[in-house]
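Each remark here refers to the structure printed beneath this line.
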Amino acid sequence: MGSLSEWVQQGWYKGSPWLVPLRPLSALVSFEARRRLQRFRKQRPRPPVPVLVVGNITVGGTGKTPLVIALVEAARSRGLKVAVVSRGFAGKTNHYPQHVTASSDALDMGDEPVLIARRTGVPVVLDPDRRNALDVAIREYAPDLVISDDGLQHYALPRSAEVVVVDAQRGLGNGRCLPEGPLREPATRLKEVDFVISTGGGWAGAYPMIMRPSGVTCLADNRTLTPDDFLRLHPQVHAVAGIGNPKRFFNLLSILGLSATPHVFPDHHAYQPADLAFTDGLPVLMTEKDAVKCAPFAEPHWWFVPVTASLPEGLLDQMLDRALGKE
């Protein structure tokens, strides 16, 4: 992680007096966020089809993508046609809208949209203007349900239900809005959404979500080992993570019993082969989100850990029912 980014995040989550002079700017961000939310409440446009927004109120990753995948799979198991809309953060393309498929380049389209397309096989429409992405998805794919990957603060996007994911390990930091703190909106926003989901531990008023590894897969040939089999063969590894909270991945590997040398990269990092050219020959283990970017130049000793979101029984159906207006 770059030193400036790391320094800022340490201030947000561990406290630092140098942030205090930024408070007036944070107050302006908080005021504007409240104003935009109030305007949205008054207008409250109805979406043409049910729209379920999965987002967060903090900067950085909280584990939204596994939840989006779980919701897509749950909806498809009910016979629903699903499309996903996304911004495609950190993708290189500047032509929109884009239709993301399993064969799309993650460096062009962004790692999360490509991961969703590969895991689910549903249409993914990319556009920073999420209202336009929604219109394109409806026109091109006639879905019964649209799930928005992020976009909670994009109030031009009409929605039927909102889900917020909170990283319980990091929490809301100092509770301040940008730039003094990590919040995109005031913490009171959590009281207004339909569901709050916590990853990495318990959170008051939230439903817990556990990331369960479904195996360890080789980037080069897609063969998969159980975590126990991988551990027996490779007890020591290099662990690579370019996600919002790398510690979450490293903790998972520790729980699996692996001895891992951690290597932290910025969220959405555009990997090059030299980034992973470790000289000791140990296997390299990474997140699935990192793997979609490293696959084009994968080596035989590079592996990733797919995870599945595990939630309380019936919760996925509750979220879908809320979005579909069945509650």
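FYI, residue positions are counted from 1 along the chain as it appears here.
Backbone N, Cα and C atoms are what each Cβ position is placed from, and that goes for glycine too.
Remember, predicted model here, so these are calculated numbers, not experimental data.
Per Swiss-Prot, the features are as follows:
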type	residues	note
BINDING	T58, V59, G60, G61, T62, G63, K64, T65	ATP binding site
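Here the features listed in Swiss-Prot are placed on the structure.
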residue : record           : Cβ contacts under 8 Å, 6 or more apart
T58     : ATP binding site : V166, D167, R170, L172, G173, P182, L183, R184
V59     : ATP binding site : L178, P182, L183, R184
G60     : ATP binding site : Q9, P182, G244, N245, D267
G61     : ATP binding site : D167, I243, G244, N245, D267
T62     : ATP binding site : N56, V165, V166, D167, T199, G244, N245
G63     : ATP binding site : V165, D167, T199, G200, M209, M211, R248, A309
K64     : ATP binding site : V54, G55, N56, E112, D149, D150, V165
T65     : ATP binding site : E112, L115, I116, D149, K289
For K64 (ATP binding site): DSSP state (helix, strand, coil): helix
Mapped DSSP class for V59 (ATP binding site), helix or strand or coil: coil
Cβ-centroid neighbours of ATP site T58, V59, G60, G61, T62, G63, K64, T65, 8 Å, sequence order: N56, V165, D167, G244, N245
